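Worksheet: one structure, shown below.
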């Protein structure tokens, strides 16, 4: 098929980034690409213009793609050509220099321009800005300002927003006497509240910048060249140069002329396509999506990806859902982070704040329904990374609000990635340092997954994965590419879990080998096998074809493999309750098979460690119990405190409840292990608050059920799911919760990660209020799994081990 | 190559799994892949001595059960450059299903 023509109007950060995303998706084979830019340069990082102005960087350094990049990628660039019209019927764009270009697909990325308020005297007789007056938007603006500034000159900046303050800083570096004139009552009112703005103002004044608030400029003075400003209050201010940084306006006129719907900017759908023309896409500051126009760069990255996915057909369902705005920056030496709201809006909004004006420290958070909806951090932004992530992901906040503002107790261990020394270990399991990750990225890795594959970082206990992501993102400077396979249930089949489940059902796939044959082109992937086996077991309950080779050795041997190739055997012991007879039997088994170590586990059971593989069936037979399932991605055990039988504080019969839980859920397989606990009073001796599911007796026969707790590589207090009035209800709701987790969570995703990912509100709504109408189905599915319980120990005792396994003595492990 | 030694029958090893066998005083691991191929390697993982026969196979890849290091069964080459290669042995299933292994060792060449 002949290539189509993609024409891009606009060669700024948006246009160039969008083209890069298209190229990354193999777009060069699908499209001949033509770009128009009205500046006579390749594209540059406009955000860094303030560094050029302040002298921190040369213009050369801020170019993103030099002119050679266009040639190398087969892109035709019309630099210095402004597109004036689009003939949508002929599918042709027309530039002011007469160039006409036909398109099959058009991208409008014209960005925005500095807003020039209608002030008398701003423009000269010829309609251009009066000499000495500048916008702050382009390299030419910057060069003009640098040429006009000199030590002793007096510079005024209209606009106390982010851009205006950047301009002020730059002019100060050139030795100018700088005044900032702002219409509003405090600086940076988009990002800061009054208190924050006031602290910033004092900081600026300390540095020698004069700030004039609530000043409305009525006239720019000077004949031929600017000499000063006149204000509404009758005062005036002299100046040698004037910078207008009063905001930006989208360059949407081209959309108007082409007959596209334009409100504040060109209106687009979720695919970043004009709502009027399926062949025209719009990204960046000239696009209006769901009523919002963005002036920051982060939303642009997301928009460019959606555009490229959709244009190239990589994902025609790709949709942009809007961005939540959070920024971290340094203004005038003051570090600040801002996200979302700056003031409370509703009665239920919770305000958490701390002010220490003397040191310029101000922290303010706005919490709604346990989620962060707004925040300002100034002076000390140590918690910014955490808070911005919580804001972006809408994740639940810890109950103790103080910990949101400060790291309490332990010395702050969270250094920023900038401060982190190169030899600091990021992954402790595999000994991977920050420097090693950097080397890997320098070698071409572009995704967290690629780095993990090459360095093994994050592949041990997994507790460093968050930090890994941050370090990778830091090295890539925000250009981290997301590997689509991270969303797949297994990397070798391009389907998310619900899609995979649907395919498995539709095609009636009942074995792991059948799944590989039908959905993975017959190519087996070793690491995907256990994940698929787990999924089939949940989908088909007992009714699937088990294939031992698809199971990890623990679930093949029904025991936990140890470092020397021997196994550990853990008989069940619900609630940690045992009897003298049982202890005697365990002791006899330990002696008979020369078990080298007998140890009490964290789950209140007894572990026989160092059992040879060929002895396993005999050990099980002599123990005379069913499998304790201490080895699988399954329900493990339920620990308990003494409860009401002996404890003088006991409020509920935690021992009995633990036994009921164990009896019902034993052997239930799941995406990862599930460790439970019951405790007879809120003293929580059995640590039910940090379990996957924990029940706490609170008196009057009532139990609180906590879910998603963790006390291992990650520590998290469980979320309260509900309070119920009987053991039966505990079994019902705990079972429903576990079934939802079994069906929805990714393989090896613990409940605490899953609950945080989907949100306790949603889990609670489904489990307690049946918000999706699936409660009865979940209960029935869990019941089927309960009924399908088989004791694997008994099965093997009866059937015997296979010949080769039974004959081979464990000579392995000592080395050959 | 020395003479082939019969060690077991193909049916002794379930498809997709591995088993250890003693041959002339040494232990070797034999793998029977789902596609019906057989491979023989040293039994212990070069990383920390894990029992490779208890690992997971996928195609011709073996993943050690202890720390998830991987090798190619056909060549002995590690998937990650940082690991040492596996010693491999020639092995085949005769027409009657008898597994025949050739000793002494053929050491793979590192990549």
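Placement of Cβ uses the backbone N, Cα and C atoms for every residue, glycine included.
Annotation comment: TrEMBL describes A:5-290 as domain 'FAD/NAD(P)-binding'.
Residues or ranges marked as domain 'NADH-rubredoxin oxidoreductase C-terminal' in TrEMBL: A:326-390.
The domain 'BFD-like [2Fe-2S]-binding' annotation in TrEMBL covers A:426-473. Taken together, the residues of the domain 'BFD-like [2Fe-2S]-binding' (A:426-473) have an average pLDDT of 81.
Per TrEMBL, domain 'Nitrite/Sulfite reductase ferredoxin-like' is recorded for A:562-623.
Per TrEMBL, domain 'Nitrite/sulphite reductase 4Fe-4S' is recorded for A:632-771.
The [4Fe-4S] cluster binding site annotation in TrEMBL covers A:641, A:647, A:681, A:685. DSSP gives residue A:685 ([4Fe-4S] cluster binding site) a coil state; it is part of no helix or strand. Residue density at residue A:685 ([4Fe-4S] cluster binding site): 17 other Cβ atoms are found within 10 A of its Cβ, drawing on all protein chains shown.
Annotation comment: TrEMBL describes A:685 as siroheme binding site.
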Q) Between the binding-site residues A:641, A:681, where is the Cβ count within 10 Å the lowest? A) A:681
Q.
Using DSSP, what is the helix/strand/coil residue split across the domain 'Nitrite/sulphite reductase 4Fe-4S' (A:632-771)?
A. 51 helix, 37 strand, 52 coil
Q. Within 8 Å of the Cβ centre of A:641, A:647, A:681, A:685, which other residues of the chain have their Cβ, at the recorded [4Fe-4S] cluster site?
A. A:642, A:643, A:649, A:650, A:654, A:679, A:680, A:683, A:684, A:686
Q) Is the count of Cβ pairs under 8 Å between the domain 'Nitrite/Sulfite reductase ferredoxin-like' (A:562-623) and the domain 'Nitrite/sulphite reductase 4Fe-4S' (A:632-771), pairs 6 or more apart in sequence, 3 or more? A) yes
Q. Just counting, how many other CB atoms are there within 10 A of the CB of residue A:647 ([4Fe-4S] cluster binding site)?
A. 16
Q) Of the residues in the domain 'NADH-rubredoxin oxidoreductase C-terminal' (A:326-390), how many are helix, strand and coil by DSSP? A) 10 helix, 37 strand, 18 coil
